[in-house]
Amino acid sequence: MVSDFIRVTHPYRFILVLWLSANTLQETHAFLPVLVRTKTVLWNHNLAAVAGGAIPTPGNDALENPFDSNSPNSINESGDNVKMDRAATSSSSQQTPVETSVDAAIMGRYACTRFRRNEAAIAPTTTQGNDSSISTIDTTATVSDPQVVKEAMHCLEMARRAPSGFNAQPYKFILVHSKEKKEALSKYCLGRNANRILDSECTLVCLADKQVGKTLSYYANTILGQNKKSSSTFSKWMVRKTQGLILLFSSGWPIPQFLGIPISFGIRLGVAMVSVLTGRRILVPSLSSAETWSTKNTMLVAMSYMLGCSSRGLATCPMEGYNAGGIRKALGIPRRYAIPLIISTGHDYHIAAAKTNDEPDDVGMSHGSQGRGATTRYPSHEVVFANSFGEAMQSSM
């Protein structure tokens, strides 16, 4: 693999590589529409339930088509069954069914602070002093519902259609759903994150590949090879150039990390110096570390997964409070992979006394709940600008 790249780094070719400011998100598949595949997501998701809190059980064959005019829960053209401010998202009162469903999935997503265990025969008992939120914690993992795990896996397969730099797909995923592995994983999660893993149906462990260069031969045969069979023609030079660009942008050198890290730093520093010394007359890309590049590609899949789960009535909770070394040990993960995020998935725990499922987390923060609105965001004018930093959007419209 290193010898392959040496051939790419012929002096003249290397200059060409540096000048190529490639679009790191060139894999422009239909991103959001994938989350709402016709007859898979749209028809299996009751939008009225997303807004009202009554979530149908995944896999229920009796679910209605929300776009059937004969259905009592049908969605009209203005999306009346979706409780959100249409004026904030569209200047027109009419929206297509796809737009309505995407809006509902986004507005219906929230970080579930507590999951409902699958063991229906075990009724939770409340502790003394607080009968509205905290219940006795079970230290063993619940037995996962196979149907929910199947739904989560379907959402993950859809999410993998998210774009990645050069379609390199620098990530792996582990869907933890067995009782034994959930208990092993929970031991290395902090605070109530451990309880969320024990109580949820499954947890998605996201892995970012810090040495994507090790997969370049497989990438050329699998990804570029498929393109060659369709309509594109990839010459040997084009394959080498693409592999070289992946190495340049990803910093994922196929060598031991104690060598790869300083080499990556040196190349990034050199490229940055070219930009500074030439006053940016020579345009070169801004490069990231291997972990940063792989993580930002991985997070596109993670967000798509959560929206897919939301569209199918599943609650999710993204978490970062864990010990990565312990998780590697529990799940047998090589050190080559960073662990930027884990996402518990299942059904939310409804607190009967409080008539809500919005239970504060370890620090007392609320994360929103199904059917009760989203958590607060900063005002749009403080976050979203037009044309240049600080310019108000309204003044430019």
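Cβ coordinates come from backbone N, Cα and C, glycine included.
Record features (TrEMBL):
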- 1-30: signal peptide (SIGNAL)
- 54-99: region 'Disordered' (REGION)
- 67-79: compositional bias 'Polar residues' (COMPBIAS)
- 88-99: compositional bias 'Polar residues' (COMPBIAS)
- 153-193: domain 'Nitroreductase' (DOMAIN)
- 289-347: domain 'Nitroreductase' (DOMAIN)
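Helix, strand and coil residue tallies for the domain 'Nitroreductase' (289-347), in that order: 30 helix, 16 strand, 13 coil [DSSP]. The DSSP breakdown of the domain 'Nitroreductase' (153-193) into helical (H, G, I), extended (E, B) and coil residues amounts to 19 helix, 7 strand, 15 coil.
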